[in-house]
Structures are given as C-alpha cells and as structure tokens.
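As written in Swiss-Prot, here are the features:
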{"type": "ACT_SITE", "residues": "K106", "note": "active site, schiff-base intermediate with DXP"}
{"type": "BINDING", "residues": "G167, A193, G194, N215, S216", "note": "1-deoxy-D-xylulose 5-phosphate binding site"}
Amino acid sequence: MSIVRSDKPFVLAGRTYQSRLLVGTGKYRDMEETRLAIEASGAEIVTFAVRRTNLGQIEGEPNLLEVLSPDRYTFLPNTAGCYDAVEAVRTCRLARELLDGHNLVKLEVLADQKTLFPNVIETLKAAEVLVKEGFDVMVYTSDDPIIARQLAEIGCIAVMPLAGLIGSGLGICNPYNLQIILEEAKIPVLVDAGVGTASDATISMELGCDAVLMNSAIAHAQQPIMMAEAMKHAIVAGRLAYLAGRMPKKLYASASSPLDGLIK
C-alpha cells in the first residue's frame with residue numbers, strides 16, 4: 001500500500017518557518033565568516049551558547065547582535081556547557097533576561113566532556129522546570145524513543161535527538177531509533193549533532209525529520225560558505241524525496257522498459 005504524503009508547515013512556538021535548516025554560530029574564523037555562512041545557508045533560526053556569546057554584556061568584544069539582526073533571524077539560545085539541571089535552568093533564565101523576555105530556548109545538559117552525550121536524567125529535570133516557567137523548550141536528547149516521548153509529555157515543543165556525537169561528523173549512526181521516534185512523535189523532531197556533510201542532512205530529511213540543526217559540518221568545512229549553501233539544497237532535496245516517497249528496494253533487476261512490443 002502506497003503512502004501519499006502532503007507537506008505541512010514547519011512551526012515552532014506558533015511561528016512558521018520556510019527553512020528547515022537551523023544553524024549554530026560557533027567555530028567560525030570570525031564574525032564575518034559567521035554572517036556570510038548563515039546567509040548562504042538560508043536558515044531563519046540561529047542558535048548560540050549563552051555562556052560563550054557576547055550579546056552586549058561585554059564591552060569592547062564582538063557582539064553577535066551587531067552581526068545578526070534579531071529582525072531577520074529567530075535566536076535560539078542554548079545551554080551548551082551545562083552539566084546539571086540547575087546550571088541549565090539558570091542559563092535559560094539569563095538568556096531570557098539578556099534577550100528581553102525571549103522564551104524560545106534549546107536545552108542541552110551534557111554528561112561528560114569526552115562524548116558530550118546528553119545526561120537524560122538531568123535533561124528531564126531541567127525540562128520540567130523550564131516548561132513550568134513558561135519557556136518554549138527545544139531539547140537535545142539521546143536517540144532513545146522512550147526519553148523522547150517523556151520530553152514531549154513534559155511539554156517540550158520539539159525533541160532533538162543526536163544522530164552522532166556532537167562535532168563528530170559521523171553522520172546518521174542509528175536511523176532505526178530515529179524512525180521509531182518519528183513514528184511516535186506528536187511534536188517536531190529535529191536531528192541535532194553528528195551531521196558531517198550534505199548527504200547526512202538529506203538522509204535525515206528523507207527519514208521524515210522536520211528539520212536539522214548543525215554547526216560543525218559547516219564551520220569546519222574547508223569552504224564553510226560553500227558548504228552552507230550545499231546544506232540548504234540538501235535539506236530541500238531530502239524533504240522533497242521524503243514527500244515523494246522512494247521506490248521499493250528489490251533484490252533483482254527490473255527493466256525500465258517492458259519487453260512487450262519489442263522491435264524484432
């Protein structure tokens with residue numbers, strides 16, 4: 001039985017976005033390269049580490065708000081560098097203060113510095129507090145479908161399972177768990193971490209993910225601005241392929257042209 005899919009808008013916290021690519025601001029050579037790469041990506045949502053980014057609180061240093069306009073981009077402050085729930089909640093509150101009541105946040109609570117794997121126990125604790133305080137929580141998590149379900153039940157607006165370790169570029173390590181998460185999901189699912197090149201982004205979208213977030217894959221490319229544009233097209237191609245529906249896989253060949261009516 002064939003499945004006919006119709007596209008649906010990509011909506012986060014009541015706002016509709018045209019681009020399904022979200023990008024980070026770290027690891028670039030300078031702010032100018034950051035600006036050019038983000039422009040080339042076509043992304044509308046930009047994430048940054050609250051604890052590592054100057055939003056004007058440090059005089060005399062490059063200010064992200066002077067490079068990327070809040071009128072053009074939706075900012076997604078994240079809690080990168082936090083290792084427990086208390087620290088993560090405090091960081092989100094700081095982001096809200098620095099951005100004049102901004103409620104959209106990306107929650108990350110890390111387990112250790114070697115793997116940067118999510119500490120799901122602390123993540124669940126932080127998510128409960130943040131949702132109660134009125135934050136719109138997008139949450140970095142493992143590819144465990146049960147944890148993803150629990151985060152959705154808490155009230156997170158999107159789950160962001162890793163495809164591979166942060167900054168590893170390993171690609172989609174476990175597509176099967178992602179498929180289970182997608183089958184159960186009632187909120188947007190975004191691949192977060194592990195993407196290394198355009199084909200990884202396309203595969204993520206072909207699986208049915210709503211969007212992909214990346215930073216290292218662009219910033220660490222030999223030509224980041226060119227890679228940013230490649231990622232833009234990869235996301236679109238993957239989404240269209242998902243909607244179109246791939247052909248069935250077969251063990252043996254199947255001729256493109258029928259044998260009936262051959263010229264003899």
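Please read every residue number as a count from 1 along the shown chain.
Cβ from N, Cα, C; glycine included.
Here K106 (active site, schiff-base intermediate with DXP) is compared against the binding-site residues G194, N215, S216, and the shortest C-alpha distance is to N215. Residue annotation for 1-deoxy-D-xylulose 5-phosphate gives G167, A193, G194, N215, S216. The furthest Cα pair among them is separated by 10 Å.
Each of the binding-site residues N215, S216 was scored by other CB atoms within 10 A of its CB, and the lowest score goes to S216. Shown in sequence order, L116, Y140, L162, A163, G164, L165, I166, G167, S168, L213 are the residues of the chain, 6+ apart in sequence, with a C-beta less than 8 angstroms from the C-beta of A193 (1-deoxy-D-xylulose 5-phosphate binding site). K106 (active site, schiff-base intermediate with DXP) carries a strand DSSP state (E or B). The C-beta environment of G194 (1-deoxy-D-xylulose 5-phosphate binding site), restricted to residues of the same chain at least 6 apart in sequence and closer than 8 Å, consists of L162, A163, G164, L165, I166, S168, G169, L170, G171, I172, C173, D200. For the 1-deoxy-D-xylulose 5-phosphate site, the Cβ centre of G167, A193, G194, N215, S216 serves as reference, and the other residues of the chain with Cβ at most 8 Å from it are G164, L165, I166, S168, G169, V195, M214, A217. Other Cβ atoms within 10 Å of the Cβ of G167 (1-deoxy-D-xylulose 5-phosphate binding site), summed over all protein chains shown, number 17.
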